[in-house]
Amino acid sequence: MKKNKIAGKTMEAWKEEYPLLDKLVSTKEVFWVNPEYESFQTASQQISLNENDVKEAEERLKRFAPYIAKVFPETKEMDGIIESPIVYIPSMRQQLEQVYEQKLPGDFLLKCDSHLPISGSIKARGGIYEVLKHAEELASQHQLLKRGDDYVILDSEKFRSLFSQYSIAVGSTGNLGLSIGIMSAKMGFNVTVHMSADAKQWKKDLLRSKGVTVVEYADDYSKAVEEGRKQAEKDPNCYFIDDENSRDLFLGYAVAASRLKQQLEDLKITIDQDHPLFVYLPCGVGGGPGGVAFGLKLIFRDHVHCFFAEPTHSPCMLIGMMTGLHDKVSVQDFEIDNITAADGLAVGRPSGFVGKVMEPLLSGSYTVSDDKMYRLLRSLADTENIYLEPSALAGMAGPVHLWKSTEGQSYLNHHQLTDKMKKAVHIVWATGGSMVPKEIMEEYYRKGL
Ligand SMILES: *Cc1c(COP(=O)(O)O)cnc(C)c1O
C-alpha cells in the first residue's frame, strides 16, 4: 500500500522530526513552547505591521463612535466604543487549584469579550472594524463623507441607499458571520454569510431575522470561506472579508490592547519586569487571538507572554507554527478530524498571514479537550456566575497547563519567571457567550457535569 505524504513527507517522518505530533494526532492534550520566540526588540524587526497601523484603526473606531452610539443604543453608555469589562475571578482560581491539585499563584482576571456589545464575541472587534473601514472608503469615494464630519450622518437614507448598491460576503463558523452580518445589515449593505456545518442554528436564525442571506455548507470552515470567496469574485460590487488573510480584521482586534492597558491602570495593576503578564487566547483561524496578542506585545513587550489555546481536535495553528508549514497543511492532513463542540475554534487550516506574524511573538500554544471545556464552563458558572460558550473556555485551562507541564516549567525557568510568579497577572480571554440562548446554555451547563 502506498503511504500518503503530507507536504512531501510521511506521517512517520513528521513524527520523528516533531515528537509532539504523536500526541496531537491521537488528540491528547499538549503544551508547546514556541522555539522561534524572540525578544520584542528582535521580533519587531521581522514584522511589517507597527504601532501606527494599530493607532489608525483606533482612530477610525473613534470617528465611528457617535454613529455606533446612535444605531446601537446598548453602546450609548460607552459613547459608541465597543469594549468589554475585565473582572477578577478569585473563586474560579481556587476551584482550578482544587480540581487540578496545583497551586496557581498570581492574580486571575477574565477579559469578557463574551459581553462585547452588538454581537457578544471577540468578532465584534475585528469584524465590525473591517465593515466600518470599507463603508468609510466607499462613502469617501462617493464624496459623501470626509474627515471631520460627524459620522452620525451615516444613519440616513442617503447612506443606506448608497450601501445598498454594494454587497459584503464572509465565510464563518458563526460568530464572525454574526458580527459582519449585523453591522453590514445595519448600514444598508446586502450581506451574505457562508456558514460552515459547525455553525449553530440560532446564529443562522438570528442573522436571517436581520435580513442577512445565510448560505449553509455541509463542510467545514475552510470550504465555507472558499465558496464565499468564489461567489464574491464574480461580483465587482461585492467585498469579501477574508478571515484567512485580512490585515484589517487583525488590526481591529489589536486595538483591544491599548484599551486593556487603560483598564489595568484603572485597577492599579502594574505590568513590568517584576510583574509579568500571561494571556491565554482561544484560537481558530488566528486573526482574533493573533491581533490581540500583537497589540499586547506592542505595549507590554517582553513583559507579556501570550499563549494560544485550541481544541484537541482542531490544533491547526499549533501544527502550522510548529512545522513552519502554516496554511500549507490542515489538521485533516494529519488525520485529525476537526470535529469539536467549540464551534468558534473548529478550523482545520490556520491563517498563514497570522502564523507568520506570530512566529517570533507567540510564547506557546496548547490544546484542550471538549470535555474539559464543558467542565470549565460549568465551574465558571458555579463559582463566578459567568456564562460563556465552550470555545471561550479554552483559555481557562492555560495556567494549569503552564504549571503542570514540563514544557511550561521550562519556559518559566528559561525566562527567569519562576520567582516572579507570585506577582504575575493571568488574563484568560473569554471570547464569546452572552448571546447564546438560555436553553442552549443550560444544555452546555449540563454537559459540564
Ligand atoms: C472566532 C472565535 C475565536 C478565535 O478567533 P479566530 O480569529 O478564529 O482565531 C475564539 N473564540 C470564539 C468564541 C470565536 O468565535
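Positions of Cβ are set from backbone N, Cα and C atoms, glycine also.
The domain 'Tryptophan synthase beta chain-like PALP' annotation in TrEMBL covers 93-399. Taken from TrEMBL, the feature N6-(pyridoxal phosphate)lysine covers Lys123.
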10 Å Cβ neighbour count around the residue listed as 'N6-(pyridoxal phosphate)lysine'?
30
When DSSP is mapped onto helix/strand/coil, what comes out for the residue listed as 'N6-(pyridoxal phosphate)lysine'?
helix
Confidence summary for the domain 'Tryptophan synthase beta chain-like PALP' (93-399), mean pLDDT rounded:
97
